[in-house]
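Structure first, then comments.
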Ligand code: ADP
């Protein structure tokens, strides 16, 4: 099985046999000035060439399916879906909701379908895991007619990661019935509340801008700030879009969006880095408290993503002061990055679980292909 994660300027791939990784990599700088990779077709040809060099051609008869990551499935796609012309059209219709991501995902799908029209290809949507969120959590309190006409509601993102990590976390708590809070902290960041395998709330909304403080995104903000920046600040909508999505978050607060650089500056006593980390961790703690309340009881809090998996400091500071909720972090286990970093006897397990989105896409692709074959 081949998994393709096609972004605006990159193409990540993994070739798997069952759970075993045969090959993986990233083709970068697609379509950028001076890049040898002009477009997604050239990108996929580069992938094919790399695989062929390893004796694993894209034309191999042993390839049984291709799984594609698609960012936005809207309300139309709430499960992994066998790709047909109609599905391609449906993904295209969602471009207004994900103008940067869905066209790139589609480019990958179109090229792969042209290269291997004989193979089943499956779209796995970032939003799908959040389709179970009840209306109380997915509905914005705005005029219902406007919201319905324009599809304004909370969809949530990073779904394949939340699905994978919440399932692994539940195993640590003894079974699939567990209540789990997942904190996916990468460049983008999101939290989710998962009960017995079903997502019941998540921090990203109609777009990935809502929720936690991220590398370059603000996360939660008084919506009137946008109006104020336009009316009083004289900024255009595109300028505000760029400000909130690309120049905010850790970058906006301290000038660095790479958490390694930020925590290094923090250890040198840099006050901007200190403020940025305290805003980042305060927001995380608020979401943990909120999702504790949403779930009623919590069995596991799972950290994942580049920051969540690697930064003991962020894990410790995000959960500081939550002992009354049974949430404690053991400093020694945390510094070692053990799978379980909670203190012995804590009511809530705190876990570090490396995410594996490509594996999850392969798993979901396989489930569709075997269902189709049976049918
Ligand atoms: P993406 O969202 O692009 O997939 P990742 O999940 O790979 O991102 O996470 C990238 C982030 O992880 C970066 O901000 C990087 O600084 C951070 N990171 C990686 N290793 C460490 C570390 N040892 N300490 C702190 N942050 C780290």
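Keep in mind that glycine also has a Cβ here, set from the backbone N, Cα and C atoms.
Just so it is clear, the model here is predicted, and its values are computed rather than measured.
Under the heading Mg(2+) binding site, TrEMBL lists 5, 357. Among the features that TrEMBL reports, ATP binding site is placed at 12, 184, 185, 186, 187, 188, 258, 259, 260, 306, 307, 308, 309, 310. According to TrEMBL, the substrate binding site annotation covers 69. Residues or ranges marked as active site, proton donor/acceptor by TrEMBL: 126. TrEMBL lists 158, 217 with the feature site 'Transition state stabilizer'.
Counting every protein chain shown, 12 other Cβ atoms lie within 10 Å of the Cβ of residue 260 (ATP binding site). For ligand 1, the neighbouring recorded positions among 187, 217, 258, 260, 307, 309 are 187, 258, 260, 307, by Cβ distance under 6 Å. A Cα-Cα distance of 16 Å separates residue 12 (ATP binding site) from residue 158 (site 'Transition state stabilizer').
One residue stands out among the binding-site residues 5, 187 for having the most other Cβ atoms within 10 Å of its Cβ: 5. Long-range Cβ contacts of residue 307 (ATP binding site) within its own chain (separation 6+, distance under 8 Å): 185, 186, 189, 259, 314. Comparing Cα positions, residue 357 (Mg(2+) binding site) lies closest to 69 out of the recorded positions 69, 217, 260, 309. For residue 5 (Mg(2+) binding site), the nearest neighbour among the listed recorded positions (158, 187, 217, 260), judged by C-alpha distance, is 158.
If you measure from the Cα atom of residue 309 (ATP binding site) to that of residue 158 (site 'Transition state stabilizer'), you get 16 Å. Between the alpha carbons (Cα) of residue 69 (substrate binding site) and residue 126 (active site, proton donor/acceptor) lies a span of roughly 7 Å.
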